[in-house]
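*Asks:* Features from TrEMBL:
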- 55-88: transmembrane segment (TRANSMEM)
- 113-237: domain 'Type II secretion system protein GspF' (DOMAIN)
- 218-239: transmembrane segment (TRANSMEM)
- 251-270: transmembrane segment (TRANSMEM)
Amino acid sequence: MGIFVGLLFGLGMFLIVGPRAPRRRSAAEPGWRRSTTELLAQAGVRGLGPGQFVAVSVAIGVVVGFVIFAVTATWSLGFAFFVFAAFLPRTLVARRRRARMADLRGMWPDVVDNLASAVRAGMSLPEGLAAVGQRGPAPLRGAFTRFGEEYRASGSFSSCLDKLADELADPVADRIIESLRLAREVGGTDLGRLLRTLSTFLREDARTRAELETRQSWTVNAARLALAAPWVVLLLLATRGQNVSAYDSPTGVAVLVGGGAVSVFAYVVMKRIGRLPEEGRVLRP
């Protein structure tokens, strides 16, 4: 009991102190930290760094594992559900990320239309981007409003675009931002035509992807249910005293490890088979 309390106390102190410690992003930033930062940004989770997210995940796993151990008095079951619970926050954030990216996919054509209208009206590119914070889709207004504030404070269009790309963390946003950067640096009179063409393409792409996701969603959800069902049954069986002790034996541990390995393998295969191709980011940090 004291170990669990001490671990939770340490995690709580890390969550309190961690966000206050300034960090400089390095080109040699570990892959897991970079991918987690991008996942949180694409899911719309602000104010939570990758280290804090991992700490929260571990804390949830510890609490769930301790509860299972307290109920069943079986360390192997407690550890198994600790592992599953520790990965649950990332699964939920990934689901939120997919839902948010699907919503934004339908909003980017409106953003491009607003930029094209601003260009036709004779506004500069920084003014057009800042105007999206007032007339653009509501979920995106905050990022473009902060771009306008940052540009008025610094006057550096390129660095403000980089910060906007980091905050949005979206492949479509990268494409738009890079087009605007090139138009600003190189110049030309075809920007309006380029934006109108891009808007048409984005609408067609969003429509096609929405149809594909609708067709495959029921298959993926059924596969997830089939994957979770054995572990729910295991948890129900563990509530009966005569079944609990079997999982502390070497054979029981081997069954749990084998079942966990098969579940992970099946989940990875399911994700790979049901995954639609995604456009990579151009301005990945």
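Numbering starts at 1 and runs along the chain as displayed.
Each Cβ is built from the backbone N, Cα and C atoms, and glycine gets one as well.
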*Asks:* What does DSSP give as the helix, strand and coil breakdown of the domain 'Type II secretion system protein GspF' (113-237)?
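*Replies:* For the domain 'Type II secretion system protein GspF' (113-237), the helix, strand and coil counts are 111 helix, 0 strand, 14 coil.
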*Asks:* Over the domain 'Type II secretion system protein GspF' (113-237), work out the mean pLDDT and round it to an integer.
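*Replies:* Mean pLDDT across the domain 'Type II secretion system protein GspF' (113-237) comes out at 84.
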